[in-house]
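Quick look at what TrEMBL annotates:
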type     : residues                                                                          : note
ACT_SITE : Cys75                                                                             : active site, proton donor
ACT_SITE : Cys75                                                                             : active site
ACT_SITE : Cys219                                                                            : active site, proton acceptor
BINDING  : Asn13, Gln46, Asn66, Gly76, Asn77, Asn159, Asn192, Glu210, Arg211, Gly220, Thr221 : substrate binding site
SITE     : Phe270                                                                            : site 'Important for dimerization'
Amino acid sequence: MRVKFSKMHGLGNDFVMLDGISQRLKLSPDKIRRIADRRLGIGCDQVLLAEPPRGPEADFRYRIFNADGGEVENCGNGARCFARFVRERRLTGKKRLKVETAAGMLHLRVLDNDQVSVDMGAPVLEPEKIPFNADRRADSYLLEASDETFTIGAVSMGNPHAILLVDDIHSAPVETLGPLIEAHPRFPQKVNVGFLQVESRSQAQLRVFERGVGETHACGTGACAAMVYAHLRDLVDEQVEIRLPGGSLTIHWSGPNQPVTMTGPATTVFHGQIIV
Ligand SMILES: N[C@H](CCC[C@H](N)C(=O)O)C(=O)O
């Protein structure tokens, strides 16, 4: 089957965005892995699928698949690309979009400077909803891994995130500790692992070892989760510039039960068709 797609990225976190609106698609994990394969397919961190909404309140449905073929709940960089994709494909002329995801409704706003702002909803902090095995909710937790004990944050943005504070982002143990925590048994659905260096109350650097992918150039939900954790620890104010290897995101959060807003760019690299 010939499938129309756009190759896109949000700060280097790259995607194959599939048009499941003008063509009905059935995607198996094997097909996702083939599309995401950087030699046998197009190559990407996540495959994103635009579909018609399932109810009247949303404009579109947005589904997210990691390169390993697994479907996940949310993808922040992808949400910004989604807004750009549906407008470039003339699937809508709106600048404010309500998009249904497995994590709930996202509210996207296309800004005049070509940036996209996303209301990512409120973070989830109850361990059982992250999910993370812990006796009670806390701002931080102790986690044993490779014979060491680490202090982590645990936050869900619809998808699970563990966050560790580091003094130097460049020497953070992303490649060694990332996979250990990603598959840690206390995270029953595995977890995205963020390494955060707070520089001031409004600036931080972040690297993310993503569940099902590995280290990516950027992670939108990871930036949201890391800012929430730093704010809970009173290390940052309500608005923070998070610098990732691929570039910067502006994250705003005023406190518990409030929505997290993420603002940043979305880039289209090329359009094409793939045989799946
Ligand atoms: N890159 C995405 C996160 C994908 C999350 C996925 N790795 C998961 O398993 O939750 C972002 O910009 O938010």
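Start at 1 and count along the chain as shown; that gives each residue its number.
Even glycines carry a Cβ here, placed using N, Cα and C.
Take the mean position of the Cβ atoms of Asn13, Gln46, Asn66, Gly76, Asn77, Asn159, Asn192, Glu210, Arg211, Gly220, Thr221, the recorded substrate site; other residues of that chain with a Cβ within 8 Å of it are Asp45, Ile64, Val72, Asn74, Cys75, Gly78, Val208, Val213, Thr216, Cys219, Gly222.
For Phe270 (site 'Important for dimerization'), the nearest neighbour among the recorded positions Cys75, Asn77, Asn192, Cys219, Thr221, judged by Cα separation, is Asn77. Within 10 Å of its Cβ, the residue among the binding-site residues Asn13, Asn66, Asn77 with the fewest other Cβ atoms is Asn66. Neighbour count (other Cβ atoms within 10 Å of the Cβ, all protein chains): 28 for Asn192 (substrate binding site). When secondary structure is read from DSSP and collapsed to three states, Thr221 (substrate binding site) falls in the helix class. Secondary structure from DSSP puts Arg211 (substrate binding site) in coil. Calculated from their C-alpha atoms, the gap between Asn77 (substrate binding site) and Cys219 (active site, proton acceptor) amounts to 6 Å. Neighbour density at the Cβ, taken as the number of other Cβ atoms within 10 Å, is lowest among the recorded positions Cys75, Arg211, Cys219, Thr221, Phe270 for Phe270. Among the recorded positions Asn192, Arg211, Cys219, Thr221, the ones whose Cα sits within 10 Å of the Cα of the residue listed as 'active site, proton donor' are Cys219, Thr221.
Rounded to a whole number, the distance between the Cα atoms of the residue listed as 'active site, proton acceptor' and Arg211 (substrate binding site) is 11 Å. Note: the CA-CA distance between Asn66 (substrate binding site) and the residue listed as 'active site, proton acceptor' rounds to 13 Å. In this structure, the CA atom of the residue listed as 'active site, proton acceptor' is 9 Å away from the CA atom of Asn192 (substrate binding site).
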